[in-house]
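What Swiss-Prot records for Cys247 is active site, nucleophile. The feature S-adenosyl-L-methionine binding site is assigned by Swiss-Prot to Ala125, Ala126, Ala127, Pro128, Gly129, Ser130, Lys131, Glu149, Asp176, Asp194, with sequence analysis given as support.
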Amino acid sequence: MAQHAVYFPDAFLTQMREAMPSTLSFDEFISACQRPLRRSIRINTLKISVADFLALIAPYGWSLTPIPWCHEGFWIERDDEEALPLGSTAEHLSGLFYIQEASSMLPVAALFADDNHPQRVMDMAAAPGSKTTQIAARMGNRGTILANEFSASRVKVLHANISRCGIANTALTHFDGRVFGAALPEMFDAILLDAPCSGEGVVRKDPDALKNWSPESNLDIAATQRELLDSAFHALRPGGTLVYSTCTLNRQENEAVCLWLKETYADAVEFLPLGDLFPDADRALTPEGFLHVFPQIYDCEGFFVARLRKMSSLPAMPAPGYKVGAFPFTPLKGREALHVTQAANAVGLLWDENLHLWQREKEVWLFPAEIESLIGKVRFSRLGIKLAESHNKGYRWQHEATIALACPTHAHAFELSVQEAEEWYRGRDIYPQTPPAADDVLVTFQHQPLGLAKRIGARIKNSYPRELVRDGKLFTGNS
(Lines of atoms letter the chains of each structure in order from A and count residues from 1; the text may use other names and numbers.)
(Lines give C-alpha, C1' and ligand atoms only; values in the text may rest on other atoms or scores of the structure.)
Protein backbone atom coordinates (compact mmCIF):
# COMPACT_ATOMS: atom_id res chain seq x y z
CA MET A 1 0.00 0.00 0.00
CA ALA A 2 1.37 3.43 -0.97
CA GLN A 3 2.84 5.77 1.64
CA HIS A 4 1.55 9.30 2.05
CA ALA A 5 3.41 12.22 3.60
CA VAL A 6 2.06 13.04 7.06
CA TYR A 7 2.91 16.32 8.75
CA PHE A 8 4.34 15.67 12.26
CA PRO A 9 5.18 18.63 14.56
CA ASP A 10 8.37 17.96 16.54
CA ALA A 11 6.57 18.54 19.85
CA PHE A 12 3.97 15.95 18.86
CA LEU A 13 6.65 13.33 18.17
CA THR A 14 8.24 14.06 21.55
CA GLN A 15 4.88 13.68 23.23
CA MET A 16 4.19 10.38 21.47
CA ARG A 17 7.59 8.96 22.51
CA GLU A 18 6.66 9.69 26.11
CA ALA A 19 3.10 8.34 25.82
CA MET A 20 3.85 5.13 23.94
CA PRO A 21 4.43 1.97 26.01
CA SER A 22 7.91 0.44 25.82
CA THR A 23 6.36 -2.68 24.27
CA LEU A 24 5.56 -0.73 21.10
CA SER A 25 7.98 0.40 18.38
CA PHE A 26 8.09 4.12 17.65
CA ASP A 27 9.39 3.41 14.13
CA GLU A 28 6.38 1.16 13.51
CA PHE A 29 4.13 3.96 14.75
CA ILE A 30 5.59 6.38 12.18
CA SER A 31 5.37 3.76 9.44
CA ALA A 32 1.73 2.95 10.27
CA CYS A 33 0.79 6.64 10.22
CA GLN A 34 2.26 6.95 6.72
CA ARG A 35 0.07 4.16 5.32
CA PRO A 36 -3.39 5.05 4.00
CA LEU A 37 -6.20 3.79 6.20
CA ARG A 38 -7.89 0.49 5.39
CA ARG A 39 -11.55 0.94 4.42
CA SER A 40 -14.13 -0.74 6.58
CA ILE A 41 -17.89 -1.23 6.73
CA ARG A 42 -20.43 -2.26 9.35
CA ILE A 43 -23.41 -4.37 8.29
CA ASN A 44 -26.73 -2.89 9.45
CA THR A 45 -28.29 -5.85 11.25
CA LEU A 46 -31.59 -3.98 11.57
CA LYS A 47 -32.06 -4.75 7.87
CA ILE A 48 -30.07 -7.90 7.14
CA SER A 49 -28.12 -10.59 8.99
CA VAL A 50 -24.36 -10.85 8.57
CA ALA A 51 -24.74 -14.25 6.88
CA ASP A 52 -27.37 -12.99 4.43
CA PHE A 53 -25.30 -9.91 3.60
CA LEU A 54 -22.21 -12.00 2.89
CA ALA A 55 -24.26 -14.25 0.62
CA LEU A 56 -25.76 -11.22 -1.15
CA ILE A 57 -22.41 -9.62 -2.00
CA ALA A 58 -20.54 -12.88 -2.72
CA PRO A 59 -20.86 -12.46 -6.53
CA TYR A 60 -19.10 -9.06 -6.36
CA GLY A 61 -15.72 -10.50 -5.39
CA TRP A 62 -15.30 -8.12 -2.45
CA SER A 63 -12.59 -9.19 -0.01
CA LEU A 64 -13.89 -8.87 3.56
CA THR A 65 -11.74 -9.34 6.67
CA PRO A 66 -13.57 -9.55 10.03
CA ILE A 67 -12.93 -6.77 12.56
CA PRO A 68 -12.23 -8.56 15.87
CA TRP A 69 -14.22 -6.19 18.12
CA CYS A 70 -17.36 -5.95 15.96
CA HIS A 71 -19.11 -9.10 14.71
CA GLU A 72 -20.83 -7.15 11.93
CA GLY A 73 -17.73 -5.11 10.98
CA PHE A 74 -15.32 -5.88 8.13
CA TRP A 75 -12.30 -4.36 6.45
CA ILE A 76 -13.06 -4.28 2.74
CA GLU A 77 -11.01 -4.41 -0.46
CA ARG A 78 -12.64 -4.01 -3.88
CA ASP A 79 -11.19 -4.21 -7.38
CA ASP A 80 -13.89 -1.86 -8.71
CA GLU A 81 -13.41 0.92 -6.14
CA GLU A 82 -12.52 3.56 -8.75
CA ALA A 83 -15.27 2.49 -11.14
CA LEU A 84 -18.01 2.46 -8.49
CA PRO A 85 -17.71 4.31 -5.16
CA LEU A 86 -18.79 2.22 -2.19
CA GLY A 87 -21.43 4.83 -1.33
CA SER A 88 -23.09 4.34 -4.74
CA THR A 89 -23.67 0.62 -4.37
CA ALA A 90 -27.26 -0.59 -4.06
CA GLU A 91 -26.51 -2.09 -0.65
CA HIS A 92 -25.30 1.23 0.74
CA LEU A 93 -28.17 3.24 -0.73
CA SER A 94 -30.72 0.91 0.88
CA GLY A 95 -29.02 1.07 4.28
CA LEU A 96 -27.61 -2.46 4.41
CA PHE A 97 -24.23 -1.19 5.58
CA TYR A 98 -22.51 1.88 6.97
CA ILE A 99 -19.04 3.00 5.87
CA GLN A 100 -17.35 3.30 9.25
CA GLU A 101 -13.74 3.30 10.40
CA ALA A 102 -12.92 0.13 12.32
CA SER A 103 -11.63 1.92 15.43
CA SER A 104 -14.84 3.90 15.76
CA MET A 105 -16.75 0.63 16.22
CA LEU A 106 -14.89 0.10 19.52
CA PRO A 107 -16.86 2.51 21.78
CA VAL A 108 -20.22 0.87 21.07
CA ALA A 109 -18.69 -2.58 21.54
CA ALA A 110 -17.52 -1.37 24.96
CA LEU A 111 -20.92 0.15 25.78
CA PHE A 112 -22.68 -3.19 25.24
CA ALA A 113 -19.95 -5.41 26.74
CA ASP A 114 -20.79 -7.93 29.48
CA ASP A 115 -24.29 -8.46 28.14
CA ASN A 116 -25.33 -4.87 28.87
CA HIS A 117 -28.91 -4.13 27.67
CA PRO A 118 -29.65 -0.42 28.26
CA GLN A 119 -33.12 0.88 27.38
CA ARG A 120 -32.39 4.62 27.41
CA VAL A 121 -29.09 5.67 25.85
CA MET A 122 -27.53 9.05 25.05
CA ASP A 123 -24.96 9.59 22.29
CA MET A 124 -23.71 13.00 23.41
CA ALA A 125 -21.71 13.95 20.27
CA ALA A 126 -23.50 11.92 17.62
CA ALA A 127 -22.85 13.24 14.08
CA PRO A 128 -22.42 11.94 11.47
CA GLY A 129 -24.24 8.95 12.96
CA SER A 130 -21.94 5.93 12.74
CA LYS A 131 -22.13 5.20 16.46
CA THR A 132 -25.80 6.16 16.82
CA THR A 133 -26.76 3.72 14.08
CA GLN A 134 -24.50 1.07 15.62
CA ILE A 135 -26.19 1.59 19.01
CA ALA A 136 -29.64 1.35 17.41
CA ALA A 137 -28.72 -1.95 15.79
CA ARG A 138 -27.45 -3.33 19.10
CA MET A 139 -30.75 -2.27 20.70
CA GLY A 140 -32.79 -3.86 17.93
CA ASN A 141 -34.54 -0.51 17.31
CA ARG A 142 -36.11 -0.80 20.78
CA GLY A 143 -35.78 1.47 23.80
CA THR A 144 -34.61 4.94 22.82
CA ILE A 145 -31.49 6.89 21.92
CA LEU A 146 -31.05 10.61 22.53
CA ALA A 147 -28.61 11.60 19.77
CA ASN A 148 -27.17 15.05 20.42
CA GLU A 149 -25.06 17.14 18.08
CA PHE A 150 -23.74 20.60 18.90
CA SER A 151 -22.91 21.54 15.28
CA ALA A 152 -26.06 22.73 13.50
CA SER A 153 -24.69 21.86 10.06
CA ARG A 154 -24.06 18.26 11.13
CA VAL A 155 -27.55 17.60 12.55
CA LYS A 156 -28.94 17.27 9.01
CA VAL A 157 -26.28 14.68 8.10
CA LEU A 158 -27.02 12.81 11.33
CA HIS A 159 -30.73 12.63 10.50
CA ALA A 160 -30.03 11.51 6.91
CA ASN A 161 -27.91 8.58 8.09
CA ILE A 162 -30.44 7.58 10.75
CA SER A 163 -33.20 7.61 8.12
CA ARG A 164 -31.18 5.63 5.54
CA CYS A 165 -30.51 2.91 8.10
CA GLY A 166 -34.19 2.54 9.05
CA ILE A 167 -33.88 3.68 12.65
CA ALA A 168 -37.07 4.48 14.55
CA ASN A 169 -36.02 4.77 18.21
CA THR A 170 -34.04 8.02 18.12
CA ALA A 171 -34.60 11.61 19.24
CA LEU A 172 -32.27 14.35 18.00
CA THR A 173 -31.16 17.36 20.02
CA HIS A 174 -28.88 20.28 19.20
CA PHE A 175 -27.15 21.44 22.39
CA ASP A 176 -23.78 21.98 23.95
CA GLY A 177 -23.38 18.65 25.75
CA ARG A 178 -22.55 20.47 28.97
CA VAL A 179 -26.29 21.14 29.56
CA PHE A 180 -27.40 17.53 30.00
CA GLY A 181 -26.11 16.90 33.50
CA ALA A 182 -28.36 19.69 34.76
CA ALA A 183 -31.25 19.25 32.31
CA LEU A 184 -31.58 15.44 32.47
CA PRO A 185 -30.03 14.32 35.78
CA GLU A 186 -29.57 10.56 36.18
CA MET A 187 -31.96 9.76 33.30
CA PHE A 188 -29.86 7.39 31.16
CA ASP A 189 -28.92 3.72 31.51
CA ALA A 190 -25.90 4.21 29.25
CA ILE A 191 -24.08 7.18 27.71
CA LEU A 192 -21.50 7.37 24.95
CA LEU A 193 -19.31 10.46 24.95
CA ASP A 194 -17.17 10.30 21.82
CA ALA A 195 -15.60 13.59 22.73
CA PRO A 196 -14.39 16.36 20.42
CA CYS A 197 -10.62 16.07 20.42
CA SER A 198 -7.37 17.08 18.71
CA GLY A 199 -7.72 14.23 16.20
CA GLU A 200 -4.16 12.93 16.42
CA GLY A 201 -5.34 9.45 15.48
CA VAL A 202 -6.77 10.39 12.07
CA VAL A 203 -3.52 11.22 10.22
CA ARG A 204 -3.89 8.09 8.08
CA LYS A 205 -7.09 9.57 6.68
CA ASP A 206 -5.98 13.21 6.74
CA PRO A 207 -2.20 13.74 6.40
CA ASP A 208 -2.62 17.41 7.39
CA ALA A 209 -4.61 16.68 10.56
CA LEU A 210 -1.79 18.02 12.74
CA LYS A 211 -1.17 21.30 10.86
CA ASN A 212 -2.78 23.33 13.67
CA TRP A 213 -1.66 21.04 16.50
CA SER A 214 -0.04 22.42 19.64
CA PRO A 215 0.43 21.22 23.24
CA GLU A 216 -1.51 24.29 24.38
CA SER A 217 -4.54 23.41 22.26
CA ASN A 218 -4.49 19.88 23.73
CA LEU A 219 -4.84 21.36 27.21
CA ASP A 220 -7.69 23.64 26.11
CA ILE A 221 -9.51 20.71 24.52
CA ALA A 222 -8.98 18.57 27.62
CA ALA A 223 -10.64 21.26 29.76
CA THR A 224 -13.74 21.09 27.54
CA GLN A 225 -13.66 17.29 27.64
CA ARG A 226 -13.67 17.32 31.46
CA GLU A 227 -16.77 19.53 31.45
CA LEU A 228 -18.53 17.26 28.94
CA LEU A 229 -17.62 14.13 30.91
CA ASP A 230 -18.83 15.75 34.14
CA SER A 231 -22.16 16.56 32.46
CA ALA A 232 -22.47 13.03 31.06
CA PHE A 233 -21.70 11.47 34.44
CA HIS A 234 -24.46 13.54 36.10
CA ALA A 235 -26.93 12.48 33.38
CA LEU A 236 -26.12 8.79 33.98
CA ARG A 237 -28.27 6.86 36.46
CA PRO A 238 -26.59 5.03 39.35
CA GLY A 239 -25.54 1.61 38.08
CA GLY A 240 -25.36 2.90 34.51
CA THR A 241 -22.48 2.57 32.06
CA LEU A 242 -20.54 5.43 30.46
CA VAL A 243 -18.04 5.06 27.63
CA TYR A 244 -15.60 7.91 26.99
CA SER A 245 -13.71 7.81 23.68
CA THR A 246 -11.58 9.98 21.42
CA CYS A 247 -9.70 9.62 18.14
CA THR A 248 -6.58 11.17 19.63
CA LEU A 249 -3.45 9.76 21.25
CA ASN A 250 -2.12 12.09 23.95
CA ARG A 251 -2.68 11.25 27.62
CA GLN A 252 -4.03 14.70 28.54
CA GLU A 253 -7.20 14.18 26.49
CA ASN A 254 -7.54 10.51 27.37
CA GLU A 255 -6.33 8.88 30.60
CA ALA A 256 -5.98 12.21 32.41
CA VAL A 257 -9.61 13.19 31.72
CA CYS A 258 -10.90 9.88 33.10
CA LEU A 259 -8.59 10.04 36.13
CA TRP A 260 -9.86 13.56 36.82
CA LEU A 261 -13.41 12.21 37.02
CA LYS A 262 -12.27 9.49 39.43
CA GLU A 263 -10.44 12.03 41.58
CA THR A 264 -13.49 14.30 41.60
CA TYR A 265 -16.14 11.71 42.47
CA ALA A 266 -13.99 8.99 44.06
CA ASP A 267 -16.04 5.89 44.93
CA ALA A 268 -18.92 6.96 42.65
CA VAL A 269 -16.67 6.07 39.67
CA GLU A 270 -15.64 2.50 38.88
CA PHE A 271 -13.39 1.82 35.90
CA LEU A 272 -14.49 -1.33 34.03
CA PRO A 273 -11.46 -3.04 32.42
CA LEU A 274 -11.66 -3.70 28.68
CA GLY A 275 -8.94 -6.34 28.41
CA ASP A 276 -11.49 -9.05 27.56
CA LEU A 277 -13.49 -6.99 25.06
CA PHE A 278 -12.07 -8.99 22.11
CA PRO A 279 -9.13 -11.33 21.42
CA ASP A 280 -5.81 -9.44 21.73
CA ALA A 281 -7.45 -6.42 23.39
CA ASP A 282 -4.74 -6.64 26.05
CA ARG A 283 -2.22 -5.36 23.45
CA ALA A 284 -3.81 -1.90 23.82
CA LEU A 285 -4.68 -2.15 27.53
CA THR A 286 -3.51 0.56 29.94
CA PRO A 287 -2.87 -0.04 33.67
CA GLU A 288 -6.27 1.55 34.39
CA GLY A 289 -8.09 -0.91 32.11
CA PHE A 290 -8.61 1.52 29.23
CA LEU A 291 -7.82 0.80 25.57
CA HIS A 292 -5.20 3.18 24.14
CA VAL A 293 -5.04 2.09 20.50
CA PHE A 294 -1.94 3.25 18.66
CA PRO A 295 -2.38 2.79 14.88
CA GLN A 296 0.29 0.11 14.47
CA ILE A 297 -1.36 -2.29 16.97
CA TYR A 298 -4.36 -3.29 14.84
CA ASP A 299 -3.55 -1.40 11.61
CA CYS A 300 -6.37 1.12 12.11
CA GLU A 301 -6.92 4.69 13.29
CA GLY A 302 -5.52 5.78 16.61
CA PHE A 303 -8.23 5.66 19.27
CA PHE A 304 -8.93 5.70 23.01
CA VAL A 305 -11.80 4.00 24.87
CA ALA A 306 -12.63 3.97 28.57
CA ARG A 307 -15.62 2.29 30.22
CA LEU A 308 -16.90 3.16 33.66
CA ARG A 309 -19.85 2.53 35.94
CA LYS A 310 -21.62 5.05 38.17
CA MET A 311 -21.75 3.48 41.61
CA SER A 312 -23.88 6.03 43.47
CA SER A 313 -26.08 9.08 43.02
CA LEU A 314 -24.59 12.58 42.91
CA PRO A 315 -25.89 15.93 44.15
CA ALA A 316 -27.78 17.70 41.38
CA MET A 317 -26.15 20.37 39.24
CA PRO A 318 -27.75 23.85 39.25
CA ALA A 319 -31.02 23.83 37.29
CA PRO A 320 -30.71 25.01 33.67
CA GLY A 321 -31.80 28.56 32.95
CA TYR A 322 -33.48 27.98 29.58
CA LYS A 323 -37.19 27.45 28.92
CA VAL A 324 -38.23 24.41 26.90
CA GLY A 325 -41.53 25.82 25.63
CA ALA A 326 -44.82 24.06 24.99
CA PHE A 327 -44.60 20.62 23.37
CA PRO A 328 -46.43 20.91 20.02
CA PHE A 329 -47.58 17.26 19.80
CA THR A 330 -50.52 15.44 21.39
CA PRO A 331 -50.94 11.67 21.79
CA LEU A 332 -53.14 9.95 19.22
CA LYS A 333 -55.37 7.39 20.90
CA GLY A 334 -58.58 5.43 20.60
CA ARG A 335 -60.46 5.37 17.31
CA GLU A 336 -58.10 7.83 15.59
CA ALA A 337 -55.03 5.78 16.47
CA LEU A 338 -56.75 2.59 15.31
CA HIS A 339 -57.68 4.20 11.99
CA VAL A 340 -54.10 5.33 11.32
CA THR A 341 -52.69 1.95 12.33
CA GLN A 342 -55.06 0.02 10.08
CA ALA A 343 -54.39 2.33 7.12
CA ALA A 344 -50.62 1.99 7.62
CA ASN A 345 -50.80 -1.78 7.98
CA ALA A 346 -52.77 -1.96 4.72
CA VAL A 347 -49.78 -0.58 2.79
CA GLY A 348 -47.22 -2.67 4.68
CA LEU A 349 -46.11 -0.31 7.47
CA LEU A 350 -45.89 -2.17 10.79
CA TRP A 351 -44.70 -1.26 14.30
CA ASP A 352 -44.98 -2.55 17.86
CA GLU A 353 -45.66 -1.21 21.35
CA ASN A 354 -42.21 0.40 21.50
CA LEU A 355 -43.56 3.21 19.27
CA HIS A 356 -46.52 5.45 20.13
CA LEU A 357 -48.61 7.62 17.80
CA TRP A 358 -48.55 11.41 18.22
CA GLN A 359 -50.08 14.21 16.16
CA ARG A 360 -49.25 17.80 15.25
CA GLU A 361 -51.96 19.40 13.10
CA LYS A 362 -52.09 17.16 10.00
CA GLU A 363 -48.83 15.37 10.75
CA VAL A 364 -48.76 11.91 12.33
CA TRP A 365 -45.57 10.79 14.10
CA LEU A 366 -44.25 7.73 15.90
CA PHE A 367 -42.23 8.41 19.07
CA PRO A 368 -40.29 5.79 21.06
CA ALA A 369 -42.17 5.12 24.30
CA GLU A 370 -38.98 5.35 26.39
CA ILE A 371 -38.47 9.01 25.42
CA GLU A 372 -41.82 10.22 26.77
CA SER A 373 -40.50 10.84 30.29
CA LEU A 374 -38.03 13.38 28.82
CA ILE A 375 -40.76 15.46 27.15
CA GLY A 376 -40.87 18.90 28.75
CA LYS A 377 -37.32 18.64 30.09
CA VAL A 378 -35.41 19.28 26.87
CA ARG A 379 -36.16 20.72 23.43
CA PHE A 380 -35.93 18.21 20.58
CA SER A 381 -34.75 19.03 17.07
CA ARG A 382 -36.52 15.94 15.79
CA LEU A 383 -38.24 13.11 17.60
CA GLY A 384 -39.00 9.62 16.31
CA ILE A 385 -40.15 9.28 12.71
CA LYS A 386 -42.74 11.15 10.72
CA LEU A 387 -45.28 8.55 9.67
CA ALA A 388 -47.72 10.47 7.49
CA GLU A 389 -49.51 13.66 6.58
CA SER A 390 -53.28 13.39 6.56
CA HIS A 391 -55.39 14.81 3.72
CA ASN A 392 -58.96 14.55 2.47
CA LYS A 393 -58.43 11.18 0.78
CA GLY A 394 -56.35 9.52 3.49
CA TYR A 395 -52.65 9.64 4.33
CA ARG A 396 -49.46 10.60 2.54
CA TRP A 397 -46.95 8.11 3.94
CA GLN A 398 -43.46 9.46 4.53
CA HIS A 399 -40.27 8.03 3.04
CA GLU A 400 -38.41 7.66 6.36
CA ALA A 401 -41.32 5.66 7.79
CA THR A 402 -41.28 3.33 4.78
CA ILE A 403 -37.55 2.64 5.16
CA ALA A 404 -37.91 1.97 8.90
CA LEU A 405 -41.24 0.13 9.06
CA ALA A 406 -42.15 -1.48 5.73
CA CYS A 407 -42.57 -5.25 5.55
CA PRO A 408 -40.89 -6.40 2.29
CA THR A 409 -43.05 -9.55 2.15
CA HIS A 410 -46.31 -7.56 2.21
CA ALA A 411 -48.87 -8.33 -0.48
CA HIS A 412 -48.31 -4.90 -2.09
CA ALA A 413 -44.52 -5.36 -2.33
CA PHE A 414 -43.17 -5.10 -5.88
CA GLU A 415 -39.58 -6.22 -6.48
CA LEU A 416 -37.66 -4.13 -9.02
CA SER A 417 -35.02 -5.40 -11.42
CA VAL A 418 -31.50 -4.01 -11.03
CA GLN A 419 -32.05 -1.57 -13.91
CA GLU A 420 -35.40 -0.45 -12.47
CA ALA A 421 -33.87 0.04 -9.03
CA GLU A 422 -31.22 2.31 -10.50
CA GLU A 423 -33.93 4.31 -12.29
CA TRP A 424 -35.73 4.62 -8.94
CA TYR A 425 -32.65 6.13 -7.25
CA ARG A 426 -32.34 8.58 -10.15
CA GLY A 427 -35.86 9.82 -9.39
CA ARG A 428 -37.41 8.43 -12.57
CA ASP A 429 -40.76 6.69 -12.97
CA ILE A 430 -40.74 2.92 -13.48
CA TYR A 431 -42.38 1.16 -16.43
CA PRO A 432 -42.33 -2.55 -15.50
CA GLN A 433 -43.11 -5.23 -18.06
CA THR A 434 -45.82 -6.56 -15.75
CA PRO A 435 -47.31 -3.69 -13.71
CA PRO A 436 -48.39 -4.37 -10.12
CA ALA A 437 -52.07 -5.02 -9.46
CA ALA A 438 -52.44 -2.68 -6.46
CA ASP A 439 -52.61 1.10 -6.69
CA ASP A 440 -50.42 1.52 -3.58
CA VAL A 441 -47.08 -0.15 -4.26
CA LEU A 442 -44.30 -0.98 -1.80
CA VAL A 443 -41.24 -0.78 -4.05
CA THR A 444 -38.41 -3.16 -3.08
CA PHE A 445 -35.01 -4.23 -4.39
CA GLN A 446 -32.99 -7.12 -2.96
CA HIS A 447 -36.12 -7.51 -0.80
CA GLN A 448 -35.41 -4.18 0.92
CA PRO A 449 -37.96 -1.34 0.94
CA LEU A 450 -37.07 1.61 -1.31
CA GLY A 451 -40.32 3.56 -0.96
CA LEU A 452 -44.10 3.64 -1.27
CA ALA A 453 -45.42 4.66 -4.67
CA LYS A 454 -48.63 4.99 -6.68
CA ARG A 455 -49.38 2.92 -9.77
CA ILE A 456 -50.80 5.13 -12.51
CA GLY A 457 -51.86 2.89 -15.38
CA ALA A 458 -48.79 0.87 -16.35
CA ARG A 459 -46.41 3.32 -14.63
CA ILE A 460 -45.09 3.40 -11.06
CA LYS A 461 -44.80 7.06 -10.10
CA ASN A 462 -41.48 7.76 -8.42
CA SER A 463 -41.75 9.04 -4.82
CA TYR A 464 -38.06 9.02 -3.92
CA PRO A 465 -37.31 12.31 -2.09
CA ARG A 466 -35.78 14.89 -4.41
CA GLU A 467 -32.95 15.66 -1.99
CA LEU A 468 -31.85 11.99 -2.12
CA VAL A 469 -31.91 11.55 -5.92
CA ARG A 470 -28.55 10.35 -7.25
CA ASP A 471 -26.64 11.30 -10.41
CA GLY A 472 -23.50 9.81 -11.93
CA LYS A 473 -22.56 6.14 -11.91
CA LEU A 474 -24.62 3.82 -9.77
CA PHE A 475 -24.55 0.08 -9.27
CA THR A 476 -25.18 -1.00 -12.88
CA GLY A 477 -22.18 1.07 -13.98
CA ASN A 478 -24.28 3.32 -16.21
CA SER A 479 -24.28 7.10 -15.91
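Easy rule for this one: first residue shown is 1, then count along the chain.
Every residue gets a Cβ built from N, Cα and C, even glycine.
As the structure is a computational prediction, the values presented were derived from the model and not from experiment.
A map of Swiss-Prot features onto the structure.
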{"residue": "Ala125", "record": "S-adenosyl-L-methionine binding site", "Cβ within 10 Å": "21"}
{"residue": "Ala127", "record": "S-adenosyl-L-methionine binding site", "Cβ within 10 Å": "22"}
{"residue": "Gly129", "record": "S-adenosyl-L-methionine binding site", "Cβ within 10 Å": "27"}
{"residue": "Lys131", "record": "S-adenosyl-L-methionine binding site", "Cβ within 10 Å": "26"}
{"residue": "Asp176", "record": "S-adenosyl-L-methionine binding site", "Cβ within 10 Å": "12"}
{"residue": "Cys247", "record": "active site, nucleophile", "Cβ within 10 Å": "24"}
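Under DSSP, Lys131 (S-adenosyl-L-methionine binding site) is assigned to a helix (H, G or I) in the three-state scheme.
Rounded to a whole value, the Cα-Cα separation of Cys247 (active site, nucleophile) and Ala125 (S-adenosyl-L-methionine binding site) is 13 Å. Taken residue by residue with DSSP, Ala125 (S-adenosyl-L-methionine binding site) is part of neither helix nor strand, so it is coil. Our reading of the S-adenosyl-L-methionine binding annotation (Ala125, Ala126, Ala127, Pro128, Gly129, Ser130, Lys131, Glu149, Asp176, Asp194) yields a largest Cα to Cα distance of 20 angstrom.
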